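**Q** Got these off Swiss-Prot a minute ago, pasting:
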- 8-43: domain 'EF-hand 1' (DOMAIN)
- Asp21, Asp23, Asp25, Lys27, Glu32: Ca(2+) 1 binding site (BINDING)
- 44-79: domain 'EF-hand 2' (DOMAIN)
- Asp57, Asn59, Asp61, Ser63, Glu68: Ca(2+) 2 binding site (BINDING)
- 81-116: domain 'EF-hand 3' (DOMAIN)
- Asp94, Asn96, Asp98, Lys100, Glu105: Ca(2+) 3 binding site (BINDING)
- 117-149: domain 'EF-hand 4' (DOMAIN)
- Asp130, Asn132, Asp134, Glu136, Glu141: Ca(2+) 4 binding site (BINDING)
Amino acid sequence: MAEKLSEQQIAEFKEAFSLFDKDSDGKITTKELGTVMRSLGQNPSESELTDMINEVDVNSDGSIDFPEFLTMMARKMKDTDSEAEIAEAFKVFDRNGDGKISAAELRHLLTSIGEKLSDADVDQMIKEADTNNDGEIDIQEFTSLLAAK
């Protein structure tokens, strides 16, 4: 995944890595990660820091080296791209821009692409995605729906 990064991105990530790596030993420890996160206004617990490190710590040494950092950043960028795509798709459905997809909006879109569904079918689609039972689909429900596919 890190192989999809440009030379410029890698150089920028090397600079960021150096900011985290306070003692310049080529590794980011939970202590160093915590220091940087706190300086950015975050307040992670020790276990959260350990979890963050373990998520990308391929060689299980309890710290993040630069290749592991690149992998983590490439994943984050990929997630961000797909989040942006999901948000764009959501806007297509959310015609009035109120942050929710109503049955009427879903019905309109499906009709405009040639789908012939009954009101009951559209209501059932909304019901399946509507986890908070407010009769509409919000961005979180929409994202969960797409992630389940």
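Each residue's number is its place along the chain shown, starting with 1.
Any Cβ shown, glycine's included, is placed from N, Cα and C.
In terms of burial and nearby residues, how do these features look in this structure?
**A** With a cut-off of 8 Å between Cβ atoms, the residues of this chain six or more beyond the domain 'EF-hand 1' (8-43) that come close are 49-50, 52-53, 61-66, 69-70, 73.
According to DSSP, Asp23 (Ca(2+) 1 binding site) sits in a coil region rather than a helix or strand.
Counting same-chain residues at least six beyond the ends of the domain 'EF-hand 2' (44-79), those with a Cβ under 8 angstroms from any Cβ of the stretch are 1-2, 4-5, 9-10, 13-14, 16-17, 20, 26-30, 33-34, 37-38.
The DSSP secondary structure for Asn59 (Ca(2+) 2 binding site) is coil. Other Cβ atoms within 10 Å of the Cβ of Asn59 (Ca(2+) 2 binding site), summed over all protein chains shown, number 10.
Look at the domain 'EF-hand 3' (81-116): DSSP puts its residues at 23 helix, 2 strand, 11 coil.
Annotation for Asp94 (Ca(2+) 3 binding site): spatial neighbours Lys100, Ile101, Glu105, criterion Cβ-Cβ under 8 Å with sequence separation of six or more.
Taking Cβ pairs closer than 8 Å, the domain 'EF-hand 4' (117-149) reaches residues 83, 86-87, 89-90, 93, 99-103, 106-107, 110 in its own chain, all 6 or more past its ends.
Following the DSSP three-state reduction, the secondary structure of Asp134 (Ca(2+) 4 binding site) is coil. Counting only same-chain residues at least 6 apart in sequence, those with a Cβ under 8 Å from the Cβ of Asp134 (Ca(2+) 4 binding site) are Lys100.
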**Q** If you count Cβ atoms within 10 Å of the Cβ of Asp25 (Ca(2+) 1 binding site), leaving out that atom itself, what do you get?
**A** 11
**Q** Compute the C-alpha separation of Glu141 (Ca(2+) 4 binding site) from Asp98 (Ca(2+) 3 binding site), stating it in Å without decimals.
**A** 15
**Q** Counting only residues 6+ away in sequence within the same chain, which have a CB under 8 Å from the CB of Glu136 (Ca(2+) 4 binding site)?
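**A** Spatial neighbours, sequence-distant, of Glu136 (Ca(2+) 4 binding site): Lys100, Ile101, Ser102, Ala103, Ile126, Asp130.
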**Q** Going by Cα-Cα distance, pick out whichever of the binding-site residues Asp23, Asp25, Lys27, Asn96, Asn132 is nearest to Glu68 (Ca(2+) 2 binding site).
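**A** That would be Lys27, the closest of Asp23, Asp25, Lys27, Asn96, Asn132 to Glu68 (Ca(2+) 2 binding site).
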